[in-house]
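A.B. asks: Pasting a structure below so you can have a look.
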C-alpha cells in the first residue's frame, strides 16, 4: 500500500487541509450557510487567501471567531515558530541521549581508559609522555612497537592524530631505547585518525576487540559534544588530545554548554519571532481600538449600521492585516475607511510587516537587538551568530546582501504598483474622488494589499483595465521575491540548507545570474500549469454565464483574475454587482471546489519539500545527509566518510 512520505511538505498539506475540513465541522452546524460555502471559507482562512462566498457580517460571532483564529494558526510566521520549537525539542532529546550514552559508557569503562578533550601544552605533553607507556606505529617498518616504563603507572594513552594530508610533519621521539620517531600530522580535517595504544594486558603488543569497541564508543561520545552542535569544521592544528582516567561529566553540563551557540541562537530566535508575530497583532489592536473609539462619527455609525461591534472590528481587522487574510467584517472591504489617514498608515505597515517585508523587518529586529546588547556578552555573540548564519536557524531569515536585495526588489515593485494606480486613474472618479494626500495613502494600501493581503481601498471593477492587469501580475508574482531569496541563499550562502525538488536544468556552476534567470523561468512555467488548468475547468463549468451578454460581470478575464488571486493566496476579486462577496460566491459547486484546490496548491508553492538544516537537528555531523524526498548523501559527505574509514583501517592495520 502506497504511503505518502513523512516530510515537511506532506505534514504542511495535512495541517492546512485539516483546518479546511474544520470549516465544515465548526461553521456548518449553525445552519446559515451551505456545506460547500463552509468548506470554502475554511480553506480561504487556512490558506490566508481571503476570497469569500458569503458576507462575514452575516455570520454568527463564534463563526467569525473561527475565521479569526484559523489564519493566526496557519500563518507562515506561526508555522515557523512551531518549527523552531520542534527543533529545540530535538536538541533536548539529543542532550538526553548524549547524557544517557555517557552514563552507560562511564559505568562500563570503570578501571579502563576513557578520553577527555584536553589540549595540553608542550611541556605538559612531554611530562605525560615520560610517565605513560605508548604504542606507536613504527615509522620505518610499519609495525606496532610497545614500550613500557618500569616506573610508569598502569595506564594507557590514545593519540588522536590529525589527518595525513599536509606535507609538513612534526617528528616526536618515541620513548624507547632507539629513540625512533613517528610522523605526526599537524592538520586535522574534522576526522581523527586513531592510533592504538596498549591497555594493561599480558599481551601488551596485541589489540583486543573489546579495546577497539571501547575506544570507538569514547570517540562517539566526545564527537557528540564537540562536533554535533558546533558550526563548521573544527581544526586542531598541532593540538593533541590526551586520555585521562576520568571522562567528562556530560550529564552535569547545561543545555547551553552542550548545544553551544546554535542552541542559544534558537532559543533567542524563538523569543524574537514569537514577540514579533504576537507583538504585531497587539500593536494593531492597540492602534485600532484607540482610533475607532475616538474616530469621526461617520465611521462609528457605519459599523453600527452593519451591526458590528467597533472593538471587535478593531481586533479582527488588525488580525486580517497582520496575517494577510483579506477577510473583513465590512462588506466593502476598506473602501469606507480609505479617507482615514491613521488606518491607512497602520494597515499598510501591518500588511508589509506581516508578510511582504517580514524577512527584512525580522532581520532588522535581530540587528537592533544585537546593537543593544552589551559588548562581548553572550547575548551579543548569539545575535551576531544569527546575523552571520541566519539560514542555520530560520528559513525566512536571510544574509545581509540577500535581505538588501529583497528589500530593493519589493520597494521597486510596490512603487510601480502605486504609480500605475495614481497615473492611470487620474480622471477616474473611483480614484480621483479622493484628495491627493488620501489618494496616495489609499494607493499605498492597495499596492500592499495586491502583494498578499487582498483587501481593497477601491472598487477594482471600476478601475482602469491596465490597473486590473497590473494587479493580476502582482498577485501572480507575489511569492517570488521571498521564494527566490530562499533558493538563492540556500544555494550560495549555505549549500546544506533547503531541500527542494530536483531540477536538472538548474546549473549553479554557471553563475548566480544564470541560475536566477533559470530559476525564475522554471518557477513561472511551473505555476502556469495550475493557473491555466484551474481557469479552464471554471470556464467549462461557468460557460453559460460567461457567454451570456446579460451577466457582464462574468468574463474569461474575471475568472482568470479570480484563479490567480486564489493561487497567489491574495484575495482580490472583481466581484459581482449583485452583492459584495467575491466573484467565487456566484460560482457553481464544482467551480468552488476548483478554487479551493487552487488555494491549497498555491499555499504550498515556494515551500521546501523536506525539512532542511534550517529547521532540523542533524543526528550526527559525521554522517551528515541531505534530504530530497528521502535521505540522500551528498558526494562530498560520501567522500569524507570513505576517507575516515580508510584512515581508521590504516591506523589499525599498521
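Using N, Cα and C of the backbone, Cβ positions are placed for all residues, glycine too.
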A.B. asks: Among 301-324, 325-348, 349-372, 493-516, where does TrEMBL put the label transmembrane segment?
C.D. replies: 349-372
A.B. asks: Looking at 169-200, 201-232, 233-264, 393-424, which one does TrEMBL call transmembrane segment?
C.D. replies: 393-424
A.B. asks: Apart from its near flanks, which chain residues at least 6 from the ends of the transmembrane segment (349-372) lie with a Cβ under 8 angstroms of it?
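C.D. replies: Hits for the transmembrane segment (349-372): 75-77, 269, 272-273, 276, 280, 283-284, 318, 321-324, 380, 383-384, 386-387, 390, 394, 396-398, 400, 403, 406-407, 410, 414, 445, 448-449, 451-453, 455, 478, 482, 485.
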A.B. asks: Is the transmembrane segment (65-86) packed against any residues at least 6 beyond its ends, judged by a Cβ distance under 8 Å, and which are they?
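C.D. replies: Answer is 12, 15-16, 19, 22-23, 26-27, 41-42, 45-48, 56, 59, 266, 269-270, 273-274, 276-277, 281, 315-316, 319-320, 323-325, 327, 354-355, 358, 393-396, 611, 615.
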